[in-house]
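Notes follow once the structure below has been shown.
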Amino acid sequence: MGTQEGATSFLFTEYQYVGIFMSIFAVVIFLFLGSVEGFSTKSQPCTYSEGKFCKPALFTALFSTASFLLGAITSLVSGFLGMKIATYANARTTLEARKGVGKAFITAFRSGAVMGFLLASSGLVVLYITINVFKLYYGDDWEGLFESITGYGLGGSSMALFGRVGGGIYTKAADVGADLVGKVERNIPEDDPRNPAVIADNVGDNVGDIAGMGSDLFGSYAESSCAALVVASISSFGINHDFTGMCYPLLVSSVGIIVCLITTLFATDFFEIKAVKEIEPALKKQLIISTALMTVGIAIISWLALPAKFTIYNFGTQKEVSNWGLFFCVAIGLWAGLIIGFVTEYYTSNAYSPVQDVADSCRTGAATNVIFGLALGYKSVIIPIFAIAVSIYVSFSIAAMYGIAVAALGMLSTIATGLAIDAYGPISDNAGGIAEMAGMSHRIRERTDALDAAGNTTAAIGKGFAIGSAALVSLALFGAFVSRAGVQVVDVLSPKVFIGLIVGAMLPYWFSAMTMKSVGSAALKMVEEVRRQFNTIPGLMEGTGKPDYATCVKISTDASIKEMIPPGALVMLTPLIVGTLFGVETLSGVLAGALVSGVQIAISASNTGGAWDNAKKYIEAGASEHARTLGPKGSDCHKAAVIGDTIGDPLKDTSGPSLNILIKLMAVESLVFAPFFATHGGLLFKYL
């Protein structure tokens, strides 16, 4: 089990480094938040009802730190367990593929589902227990209680950032190195055991796509719950201490788990898959069925759990909302997610014309392939952004910032199905790798390739969900931050805010530059090492010599550990530096700028990468008349497609998916530190 040992040892190394970082950051949270009232242990008058006394900031600092560590540990454990499940599932899927494509599909899909449910339920349980434990101390002070809970989202997301960036650099360094030397130079098949980088490539799929994706969606999930809870704690739910109404966000998520359980049965038990062409429709049906059932589930929950009328805090005033209004907010987020999923699928699946056009452009070489791919990525941003815009407008009109927070939760409520579909891709990919390395028959490899091609598209759908929900989550967090920091109006024309906007919009580019360059330099070392082995190990090409897999695994591990620190530090330190030196107004500009530019780059990067990858697979599979005119493998046309795919790899698996964590993480961090920034922030402007 080389893959499993490699993946486990990498994650342990990564977690050691991240553990040190987390400990330091936990101390920072405690010191910053504790200093808001000068470390006093006296009770303070509440912000929203002056007559009452609330718990001192020192204890909020303590509880925020505890929930930060809890979020980080939950995120870490869910990523690790997901990776374990996937490494066990890989070999089983390969073995099932001997019996037929249907059996292999069920094994891969169920393994993905196990991970999806594990993640959704562990996030929910830990959050619910934490709220109840903290309540023992806070009693009636719900504002302080839910403010300290926001640390949970911060912990989940900061862990996810390192998992995503570290895993993304690892997997792509190995993938690019293996592809460039193996396929383009030596003309040997993908995952051929003669290729020294092949084990590192398989490990990377588990570390980046499974552990990284798991932590990422867990982070979104924790943050959207925290954003909704913070906004609600200063509304009638919090003031009247209506615990059921307060827990509405958690109820939405728990109904989501039940709905996803029922949905999973449709793929594995009610309809059996007999042929390759039924795979993709079956996965798409999962999304539609879960969305339809969830709409009914939300209606029931909104009717049972919420009072008919309640008020939501809206920038200084209380706004009256009905329970049906809130149902519409969640439902619009849910359906916007489905639209984003299908648009992503249209632009990245090789069943439709956009990807086929990209494949066709390979006839004139790699340059035209790159041009077509970039254009496709930019174009694919249009409809998702309109979907996000409409859901923001409608949900804000109905229930202010709380509406946006629950719309984000709606988009994530079917997370278990989304993750099942997403994790299914890398599991099938690795099953193909194992079949190739074990020298199994060509027929088995064809079956796993068919599973993998469908998985590629569904992975792009998963990323679409993650990015769309990140946009809504960070807007909800932004709203919670603005109301918590006491900013009444964010005036774009004020120079303080505008400089923030323009710098914030630059940050995703800076971050992408770092992650892309890291993949590039790690891949460079990998290519040199793979070439060296082909040239110096006698009998390697003939299959008599044995490649040195361990060196390649070490190159990937060292590069990703070293290179994940700077991008991580950029994201974690920006809000702290801006808030402390320039104050909350400039920071609100930075958050808005990063949100607006980050979403666009993230969508276009992951769709461009997905399209290039599937254009290459379209040529390789040669399923249609058009595809056969472009092939076969090893032709100039195919080589141009491989180059496009290699460029797209870091875009779709490192930069794109990490960007959604950048937008969420900066917003949730600003929210956690809001009391400190409001009290002590803006040092530069105070003294100028």
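Even glycines carry a Cβ here, placed using N, Cα and C.
The transmembrane segment annotation in TrEMBL covers 17-36, 56-83, 104-131, 248-267, 287-305, 325-348, 369-394, 400-421, 465-485, 497-516, 570-603.
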Check your understanding: Under an 8 Å Cβ to Cβ limit, what residues of the same chain, 6 or more beyond the ends of the transmembrane segment (400-421), are close to it?
Key -> 109, 112-113, 115-117, 119-120, 213-214, 217, 220-221, 224-225, 227-228, 231-232, 235, 248-249, 252-253, 255-257, 259-261, 263-264, 283, 286-287, 290-291, 294, 298, 312-315, 319, 321, 325-326, 329-334, 336-337, 391-392, 394, 458, 461-462, 465, 468-469, 472-473, 475-476, 479-480, 483
Check your understanding: Between the stretches 104-131, 248-267, 325-348, which wins on the count of C-beta pairs under 8 angstroms to the transmembrane segment (287-305)?
Key -> 248-267
Exercise for review: Flag the pair the transmembrane segment (465-485) / the transmembrane segment (325-348) as in contact if three or more Cβ pairs fall under 8 Å (sequence separation 6 or more).
Suggested key: yes
Exercise for review: Using a Cβ-Cβ cut-off of under 8 Å, list the residues of the same chain that are 6+ residues beyond the ends of the transmembrane segment (325-348) and lie near it.
Suggested key: 248, 252, 284, 287-288, 291, 294-295, 298-299, 302-303, 306, 354-355, 376-377, 379-380, 383-384, 387-388, 390-391, 394-395, 398-399, 402-404, 406-414, 456-458, 460-461, 463-465, 467-469, 472, 606-607, 610-611, 614
